[in-house]
Amino acid sequence: MTPRRHLRLLGLTKPTRSTTSVPTMRRHYATKYTAKITSTSPTGLSVSAEVTPPPPLPTDIRGYALPRRDLICKATQILLRQSPSATSSDPFSDLSDYLSSLSLHLTSSEASEILKSLNCPDLAIRFFRFCPSLSPNFHHDPFTCNRLLLIFSKSTSPARFDLARSILRDMDRSNIRGNISTVNILIGLFGDTEDLQTCIGLVKKWCLNMNCYTYKCLLQAFLRSYESTKAFDTYLEMRRRGYKLDIFGYNMLLDALAKDEKVEDAYKVFDDMKKKHCEPDEFTYTIMIRMSGKLGKGDESLGLFQEMITRGCSPNMIVYNTMIQALARSKMVEKAIIVFSKMVENNCRPNEFTYSVILNVLVAEGQLGRFDKVVEMSKKYMTKSIYAYLVRTLSKLGHAGEAHRLFCNMWSFHDRGDRDAYMSMLESLCSAGKTAEAIDMLSNIHEKGVTTDTMMYNTVLSALGRLKQVSHLSELYEKMKLDGPEPDIFTYNILISSYGRAGKVDEAVTIFEQLENSDCKPDIISYNSLINCLGKNGDVDEAHMRFKEMQEKGFSPDVVTYSTLIECFGKTDRVEMACRLFEDMLAQGCYPNIVTYNILLDCLERCGRTAEAVDLYAKLKQQGLTPDSITYAVLERLQSGSHRRVRVRRQSPITGWVVSPLR
């Protein structure tokens, strides 16, 4: 018999008149019912109706209830806050009210579908643990657990591992037995060996059988944790069970074995790969060629290269580079050049690495002259950036002449120049002391459409100053002011330091004054260079005046400033002034370095103030500095009582000027 439901219908009577209209909020039912009115009260305010209940949930052929898609969509909207009717601040409360209003119960399959749309791990696990509170008959199954674990596996949250372990504990407490998909997901999620062993233990605990995909997941997990031995053991177990890897899995395993230099295991996998009808590709051969090359087996690498071509693989740039590098490791120069020529013939563009490998092996074998042949055969691929790289590399290897010749080749071959190449060549010429060629190139660089800049001029000026070529230095500076770019603070500092090194005090002071009147203003290095210049050339009082001036202008003297002045006062036997500067240095919070201590130790020792020198050495040790050879030389003189004057020249890391702790 059909059940009867008595409905109290409100709003059937006429509303009373009112001066204000109050809007009413009505909640609409999500499910519509069809009813037949069977009786009406005498007043007409109530009726009785016969309602036909909704049909039972649809089921599949096995009798399992099919998920209700409308319910899943609505629940997902509530949880993701996409429903415009959501009024509560808690989506789970809204979901509970929604299900209660319809007298609906969520099934585990529907919960699994809802989880599928929740990508946030925190929201997903809250919903997972909220589901049992909806109904005492709700129970999670392996599918809902798998769905949640899959969300964790795709997350980057650091807490994903602990969350997964907590789900496993929940499954254990609820006697939920996972399936092989659970194990596969966990293997993909966990990376360390301890958790992987837990996953393997779950297979035995849940009485499952590992399939091919499980073995692949386990093998990749071991490879990700750099456990190539365990990965190889997993591969052997796969073989015994008749499973095989795909090309991606084979290459991953081969690469790990090759990097760990497990040559026999790698060749075993490589042979199995060919027997199992999994054709090796370019990556496979690259791995094997690289492994043989590292072992110095150039002929073996060449055999693998020929086999790859015979099997129809087309070598790419990576394969050619690997092959050339393998031959270079075995010092097989002739064959390396032949492979390079084949690379060019097959229209495979060499890159900087290709040229660097060939260049290094030619230099190592004393056959640098053959590099012209390499450049000639690949002329169509010689770009300006490649020329720049080669010029820079040859310069670093100490072959400035070859670098210059190659640069001239680029000059004649390309209509427009490359700034990086010119900069590399300038640096190379300056490092080799070929300043005339550097100045000439700087004058002609505009012919190739390259504009000279301040850095180029500074590079040449620095080289001229280092070699004390003052006349050329002055000429280039005048040319720079007339035709070139505006000098910057580095230009002025280079000039001050260079003139000081050459003993041209007046010129250094003039440059400093020009700096003060320019858009650039002196910095701490400018003052250090000028003080160094004045002090080392005998004008200690003027150097001290400049020291006071820089303080008045707001500059804080650094360790180089103090060390320079202390040395200058020490050399003029004004020991008291040197000691006073040292104390001022400490008071200003500027910590002396080992050079500062060596300078003052030498000053005290030469003046016979042995006790003060010993106290200073104790202070040096107390500061935690390590004595060097100069310190021990002074100490030896203290012990022997000899006051010989030994001059040791050291390079200043700031100004490039010479600081002489001893004389």
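All positions are counted from 1 along the displayed chain.
Backbone N, Cα and C define each Cβ position, glycine as well.
Here's what TrEMBL has on this protein:
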- 219-381: domain 'PROP1-like PPR' (DOMAIN)
- 211-245: repeat 'PPR' (REPEAT)
- 246-280: repeat 'PPR' (REPEAT)
- 281-315: repeat 'PPR' (REPEAT)
- 316-350: repeat 'PPR' (REPEAT)
- 418-452: repeat 'PPR' (REPEAT)
- 453-487: repeat 'PPR' (REPEAT)
- 488-522: repeat 'PPR' (REPEAT)
- 523-557: repeat 'PPR' (REPEAT)
- 558-592: repeat 'PPR' (REPEAT)
- 593-627: repeat 'PPR' (REPEAT)
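For the repeat 'PPR' (488-522), the list of distant contacts is 454, 457-458, 461-462, 464-466, 468, 470, 473-474, 477, 480, 529-530, 532-534, 536-537, 539, 550, 655-658: same-chain residues at least six beyond its ends, Cβ to Cβ under 8 Å. Proximity of distant same-chain residues to the repeat 'PPR' (246-280), defined by a Cβ-Cβ separation under 8 Å and at least 6 residues beyond the stretch ends, is recorded for 216, 219-220, 223, 226, 228-229, 231-232, 235, 239, 287-288, 290-291, 294-295, 308, 311, 313. Across the repeat 'PPR' (281-315), the model assigns an average pLDDT of 94. Note on the repeat 'PPR' (523-557): DSSP counts are 26 helix, 0 strand, 9 coil.
As a summary of secondary structure, the repeat 'PPR' (453-487) carries 26 helix, 0 strand, 9 coil according to DSSP. Secondary structure counts, DSSP: the repeat 'PPR' (558-592) has 26 helix, 0 strand, 9 coil.
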